[in-house]
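Peer 1: Have a look at this one.
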Amino acid sequence: MLAHSTAQDLILQQRSSDDHPQTNPRQTGCGAFIILSSVIAAISGLLVGYELGIISGALLQLQSLLELTCQQQEIVVSALLIGALVASLVGGCLIDLYGRRTTIIFTSILLVFANLLPVVVVSYGSLIAGRIFIGVSISLSAIATCVYIAELSPQDKRGMLVSLNELMIVAGILLAYICNYLFASVNNGWKYMFGLITPLAALQAVAMFFLPRSPRFLIMKGYDDAAGKVLQKLRATTDINEELTAIKSSIKAEYQYKFLDLFCSRDNMRARLLIGLTLSFFVQITGQPNILFYASTVLKSVGFQSTEAASLASTGIGVVKVVSTIPAIFLVDKIGSKTFLCIGSAVMAVSLVSVGLVSLQLDVNYNNICKVHTVQNHSLQDSFVYGPVALAKHNESLFEETGTWLESTKASYHSTSQNGTKLLHVSAPEDSSFGFTVKEPKVKSQSDEIPEYMKWLCLSSLLAFVAAFSIGLGPMAWLVQSEIFPAGIKGRAFAITSSMNWGMNLLISLTFLTLTEMIGLPWMLFGYALMSIASLVFVIMFVPNTKGRPLEEISKELANRSYMCNAVCHRRRSKKKLTPVALIQSPA
């Protein structure tokens, strides 16, 4: 998810302290108290990942229980994103106003309430409300947790401790998929899916009361003495004056830029923002949110017929996300973020084309990917019988279609209502030539069965797509953004790119099932593949190579107003370094 707005805050805080290395003291030491504090705070990451992944399996039961239409399923999924988008716009202000620790406590309590709401009040409305509150909770906690851990950690251990949150996110997604499988065949299993995580959220809220406030937040509020005491406890040393001075200098640097500078030519900030927004755009437009939210639904449609099989297959996606994230975290400094972005985008394109080609052979299975198959909503020709026929009260179009069709066959009929359900009483015409017969259930022939190799080819391609995203656009898009913006305006720049991220996530998730019904899943996948190719081209042309380079050097390169033009014209300043020395030396 995302939806990966959490990853952006992770990388932001991991790198922000390095923007002015000459002013930051070397903070050493990573005692048990710091590790414990980081683990407790990082539980928020587990909660975020769980909430992003659990709806995939819950929808398989909810769509039949609540008779959800295609559009209603999209709204259920997108409700979380609506809440997250709204929260992302004000999240930075809230954590600065009330504090990082207080925000985490609030979001944990809100998450408990939001998960229990649809369980206690089983209705479509309560489900939507609960998902919106969950979106608000995970968006705020994503920001607050990473900031809190980064501000507690010593500089030399900050990357490792903040990365713990990202690992917890993918672990939460895996946990959600496992729960989807375990409760797939349980009666009202969706209630267990929603309720299982609430005790952990409640325990985190209680545990956070015993952890210290962020020293940076205390200094921002003028409590320098309290901040000094917290640092002494965290660093196990009395010499904290140098670090206090560095924190104050960092806070002062944030006021050198104004928000509107992001849209101006100062230091070529407008071009930098364009790069950041485009990367956020590609994170979502390549289809990753739909693989996350609709994994079980899609896998069920390609031949994993039972709910349990689809949920088990989607669990593999969670495993791959966890395994793939580890090398991305530990090898990025050696390989480089741009290389990971290129490899990830290329593999994503190939994987999506593979799934699309397979799905062309199974098009009939995708046409009804999100329809509710109940007795009341089967097609007229497939379920028509004589006598009373019950039609769902919300299915006006089918009722009108039935009456029109019966009039054309000269059959007699009349309608009544019983307990809110329309009953259509049909009598066969005297002339049997009209062909009124009760159809026998269709028995699927062996030729209609989906070949095993196609099912597993589709699954393996989806796993390759997830792995490619987890080493590419997933974490690296936010890493690049953390390196292209100056420290003084980085937080405000991330607020804009975060809004783009959540907004595109909302748009993609809200339209996936509808567009799939309109054009078919194969063409949706081909469209995502095309966007992956576009992402590859964009990265090659416009994203700077940041491997092993100081942030000051990267910023200096991007500050050149002709940077974008030079990229389009394939002119790179590095070529000047390849000029033989003999050609520029004067003759002796």
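Cβ atoms are placed via backbone N, Cα and C, with glycine included.
Since the structure is predicted, the reported quantities are computational estimates derived from the model, not experimental observations.
Taken from Swiss-Prot, the feature topological domain 'Cytoplasmic' covers 1-28, 96-103, 153-158, 213-272, 333-339, 481-492, 544-588. Positions annotated as transmembrane segment by Swiss-Prot, on the basis of sequence analysis: 29-49, 75-95, 104-124, 132-152, 159-179, 192-212, 273-293, 312-332, 340-360, 460-480, 493-513, 523-543. Residues or ranges marked as topological domain 'Extracellular' in Swiss-Prot: 50-74, 125-131, 180-191, 294-311, 361-459, 514-522. Taken from Swiss-Prot, the feature N-linked glycosylation site applies to Asn377, Asn395, Asn419.
Tell me what's around each of these sites.
Peer 2: Outside the transmembrane segment (29-49), and at least 6 residues removed from its termini, the chain residues within Cβ reach (under 8 Å) are 6, 104, 107-108, 111, 137-138, 141-142, 144-145, 148-149, 152-154, 156-157, 161, 164-176, 197, 200-201, 204, 207-208, 211-212, 233-237.
Looking only at the topological domain 'Extracellular' (50-74), the predicted model's pLDDT averages out at 85.
Listed as Cβ neighbours of the transmembrane segment (75-95) (distance under 8 Å, sequence separation of 6 or more from its ends, same chain) are residues 2-3, 5, 51-52, 55, 59, 62, 68, 103, 127-129, 131-140, 143-144, 147, 293-294, 491-492, 495, 498-499, 501-503, 505-506, 509-510.
Counting same-chain residues at least six beyond the ends of the topological domain 'Cytoplasmic' (96-103), those with a Cβ under 8 angstroms from any Cβ of the stretch are 140-141, 143-145, 147-148, 151, 208, 211-214, 217, 220.
Taken through DSSP, the topological domain 'Extracellular' (125-131) splits into 7 helix, 0 strand, 0 coil.
Here the topological domain 'Extracellular' (180-191) has, by DSSP, the following mix of helix, strand and coil residues: 6 helix, 0 strand, 6 coil.
Among residues of the same chain six or more beyond the transmembrane segment (273-293), those with a C-beta under 8 A of the stretch's C-beta atoms are 1-4, 52-53, 55-56, 77, 173, 262-263, 317, 345, 348, 352, 462, 465-466, 469, 473-474, 477, 480-481, 484-485, 493, 496-498, 500-501, 504-505, 507-509, 512, 524-525, 528, 531-532, 534-535, 538, 542-543, 564.
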Peer 1: Count up the helix, strand and coil residues in the topological domain 'Cytoplasmic' (333-339) according to DSSP, in that order.
Peer 2: 6 helix, 0 strand, 1 coil
Peer 1: Can the transmembrane segment (159-179) be said to touch the transmembrane segment (312-332) if we require at least 3 CB pairs below 8 Å and skip pairs under 6 apart in sequence?
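Peer 2: Per Cβ check, the transmembrane segment (159-179) touches the transmembrane segment (312-332).
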Peer 1: Checking distant contacts: for the topological domain 'Extracellular' (125-131), what same-chain residues at least six beyond its ends satisfy Cβ-Cβ under 8 A?
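Peer 2: Apart from its flanks, the topological domain 'Extracellular' (125-131) reaches 55, 62, 66, 75-77, 79-80, 83, 114-115, 117-118, 194.
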Peer 1: Give the nonlocal contacts of the transmembrane segment (104-124) in its own chain as ranges (CB under 8 Å, at least six residues past its ends).
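Peer 2: Distant Cβ neighbours of the transmembrane segment (104-124) are 41, 44, 47, 51, 65-66, 68, 72, 98, 130-134, 136-138, 140-141, 144-145, 148, 191, 194-195, 197-198, 201-202, 204-205, 208-209.
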Peer 1: Which residue counts does DSSP yield for the topological domain 'Extracellular' (50-74) in the helix, strand and coil classes, in that order?
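Peer 2: DSSP classes over the topological domain 'Extracellular' (50-74) add up to 21 helix, 0 strand, 4 coil.
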Peer 1: Can you tell me which of 132-152, 312-332, 460-480, 493-513 gets the most C-beta pairs within less than 8 Å of the transmembrane segment (340-360)?
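Peer 2: Maximum Cβ contact count belongs to 460-480.
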